[in-house]
Structure formats: C-alpha cells, structure tokens
2 protein chains.
Amino acid sequence: MEALKTAIKEHGTVLPGNILKVNSFLNHQIDPNLMYKIGKEFAQLFQTAKITKIITVESSGIAPAMMTGLALNVPVVFARKSKSLTVRDDVYTAEVISYTKKTNNQIYIEKKFINSDDHILIIDDFLANGEAVKGLLQIIKNANANLTGVGIVIEKSFQPGAQYLRDQGIIVHSLARIKSLANNKVTFMND
Amino acid sequence: MEALKTAIKEHGTVLPGNILKVNSFLNHQIDPNLMYKIGKEFAQLFQTAKITKIITVESSGIAPAMMTGLALNVPVVFARKSKSLTVRDDVYTAEVISYTKKTNNQIYIEKKFINSDDHILIIDDFLANGEAVKGLLQIIKNANANLTGVGIVIEKSFQPGAQYLRDQGIIVHSLARIKSLANNKVTFMND
C-alpha cells in the first residue's frame with residue numbers, strides 16, 4: 001500500500017532494538033485519512049470472505065480495526081488488557097507477552113461478543129513476534145469461532161510472527177512488509 | 001443525538017454504583033456505523049471553530065475521536081496511560097484518577113504533537129467526574145495550546161464533571177446527557 005509506505009519513509013524513525021517509531025501517524029498521533037484508506041484496503045483484501053466480526057487488542061489496534069469495520073459494515077471488538085484479572089467466568093482470556101514493553105498481560109473479551117457462528121478477521125497495527133495475534137487466536141479457539149484471516153498494518157518480516165502464522169495456513173495480509181531495519185534504514189520486502 | 005439514545009436504551013445496562021454499561025456498542029464491542037455518525041455529529045457541532053487537532057485518552061476515547069478527526073480532517077492524538085512513567089522531558093504529563101477503576105494513572109502526550117498554534121477539541125466517551133478531561137486540560141495548558149471545546153459521547157449530568165467545565169466557560173457538547181440512573185433506569189436530561 002503506497003500511501004502507507006510513503007508515510008513510513010517520510011515520518012518513521014528507526015530506534016535501537018529494531019524498533020520502528022511511527023507514532024506521528026499510527027499509534028500516538030493518528031492520521032484519520034490514512035487510517036480510513038487502510039480500512040478500505042483491508043476490506044478489499046478480505047471482501048470475498050464472509051466476515052461477521054473484527055477483533056483486535058487495545059490500544060493501537062483500535063483505529064485500523066474500526067476503519068476496517070466501517071468499510072466491511074461489521075462490529076469491532078477490542079480485547080482489553082489487564083495486569084491482574086480477577087477470575088471471571090463471563091470472559092475469554094489469553095496471556096500476551098510484550099517484548100517491546102517487557103510486560104506480561106492478560107487480554108480478555110466478554111463471551112457474549114464472540115461465538116461459534118462468527119467468522120473473524122483479526123486486525124492489528126504491528127506484527128513482530130506475533131504474541132498479540134497468538135493471544136487472539138487462543139480466544140477465538142476458546143470461543144469455537146472461525147478465523148478468516150489476519151490483517152496487519154506493518155509487518156516486521158524479519159521477526160518470526162508472520163512466518164509462524166503463514167506456516168499454519170493462516171491468511172495474513174500485511175499492508176507494509178519490512179525486510180530490515182538495519183543501519184537505521186527501512187527496507188521493504190519488495191523494494 | 002437520537003441514534004445514540006436509542007442504542008443506550010436498547011443495549012445499555014445499569015449496574016450498581018451508577019455505572020452505565022454500554023460495552024456492546026461503545027467501549028468493548030464498537031458499532032463502527034454509529035461511531036461514524038457520532039464523529040459527523042461532533043464535526044457539525046464544532047464546525048465553526050478552527051480546530052487543528054483532536055486529543056483524547058486511550059482506549060475508549062480513540063474510536064469517537066478518530067471518527068471526528070476523519071469528519072473534520074484533522075489529526076487525532078491519544079494520550080497514553082502509564083502507571084509509572086519514567087522521567088522524560090519529551091512529554092507533557094498529567095495525573096488522572098479513575099473513580100470507576102480505583103486507579104491513579106499518569107497520562108502523557110509527546111511534546112512534538114501539541115503546540116501553541118493548536119486549537120484543540122477534546123473528545124471522550126464518558127464524562128462523569130471529569131478527571132480525564134481535567135488531565136487533558138492540564139496538558140493543553142502546559143503546551144500553551146488553545147482549547148476550543150469538549151465533545152462527550154455520554155455525559156452523566158448528575159456527576160460533577162460537566163458542570164465544573166461549563167462553570168469555567170468551557171464549551172461542552174454532549175451527545176447524550178443522562179439525568180439519572182436511579183432504579184436501574186436511564187433517564188435523559190430532556191426526557
């Protein structure tokens with residue numbers, strides 16, 4: 001997706017530890033017009049699938065997920081994070097490790113918002129090690145719901161998450177695929 | 001806003017402690033079409049103001065803020081929450097008490113995303129005691145930026161936040177104003 005790659009090239013900053021900082025348009029300040037285009041792009045990529053629901057994780061996944069939900073005309077559910085979830089039998093939960101923030105979170109979705117009739121599209125802003133997506137897959141499994149695919153705004157293809165998902169036969173569409181952040185430079189997969 | 005009031009009446013649940021649960025369309029599961037209408041409504045209410053930026057707080061504020069940003073064609077910045085923010089001189093911070101969650105958070109916005117040329121619209125999902133808005137006001141003040149007004153999806157008019165803001169001459173537009181949640185029943189201000 002060219003508009004996204006242009007934004008990454010113009011406004012992205014590479015920090016030590018293979019971190020790509022794109023918080024001027026994606027995950028702190030948000031460019032709503034770019035996000036709207038991102039939503040329409042995901043909707044087109046998954047248009048032949050009968051998606052009934054989009055799920056993501058707070059906070060950075062909410063903007064792209066909602067714009068995709070608007071384009072596909074389906075509800076969006078964002079999993080909430082909790083450090084210490086009290087035991088509740090009305091939620092599906094999963095463990096998510098964040099390597100960037102060095103934290104361990106539980107994520108949860110209320111059971112009433114996901115069921116075995118659902119065909120689910122997972123949307124997230126970044127895919128690196130894939131921990132957030134794995135957590136959402138666990139919740140989908142627990143709910144006996146059906147996974148349609150995964151839509152990612154920025155895939156760090158040099159980290160294992162995307163390959164892990166594709167190796168399992170999961171359809172992953174990423175709008176920008178980054179081959180390398182070496183030497184403080186963003187290199188895309190098809191450059 | 002009738003579509004919102006209808007959604008509250010049909011899907012809202014009143015819980016003990018004056019809590020209105022609207023997580024089937026506003027802040028866990030999101031109805032993107034309703035949110036799009038909410039964004040257009042705020043854009044119309046503030047159309048004569050020269051707004052340059054919208055700010056909100058993660059996570060529940062992101063969806064309405066982004067739809068308003070789309071309608072007004074301006075960037076959205078969401079303040080991030082942190083339990084223990086390490087001292088950083090590149091961010092504006094404020095303290096926010098959450099009465100619902102009984103927690104105390106710091107919120108922060110990177111300095112580069114808000115400055116004295118900005119005319120800012122604050123958007124949030126709920127206004128009760130007004131703590132989140134007060135935190136954002138503090139950040140706007142620290143940045144020497146200009147406040148245009150505050151747009152709230154659901155105002156609990158029986159709690160002090162809205163009155164506190166209006167008493168200071170701040171323009172507050174709320175799309176649904178709740179007079180009471182007594183007897184597990186939602187009563188709107190103009191019912």
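Cβ atoms are placed via backbone N, Cα and C, with glycine included.
Caution: TrEMBL annotation is automatic and unverified by curators.
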From candidates B:Leu20, B:Leu34, TrEMBL puts in the same xanthine site as B:Asn27, B:Lys156 the residue B:Leu20
Residue, out of the binding-site residues B:Leu20, B:Ala128, B:Ala132, whose Cβ gathers the largest set of other Cβ atoms within 10 Å: B:Ala132
Collapsed DSSP category at B:Asn129 (5-phospho-alpha-D-ribose 1-diphosphate binding site): coil
According to DSSP, does B:Asn27 (xanthine binding site) sit in a helix, a strand, or coil? coil
For B:Leu20 (xanthine binding site), the spatially nearest of the binding-site residues B:Ala128, B:Asn129, B:Gly130, B:Glu131, B:Ala132, using Cα atoms, is B:Ala128
Using a 10 Å radius around each Cβ and all protein chains in view, which of these binding-site residues has the most neighbours: B:Asn27, B:Asn129? B:Asn27
Report the same-chain neighbours of B:Lys156 (xanthine binding site): residues 6+ apart in sequence with Cβ closer than 8 Å to its Cβ, ordered by sequence. B:Asn18, B:Leu20, B:Phe126, B:Leu127, B:Ala128, B:Ala162, B:Ile178, B:Leu181
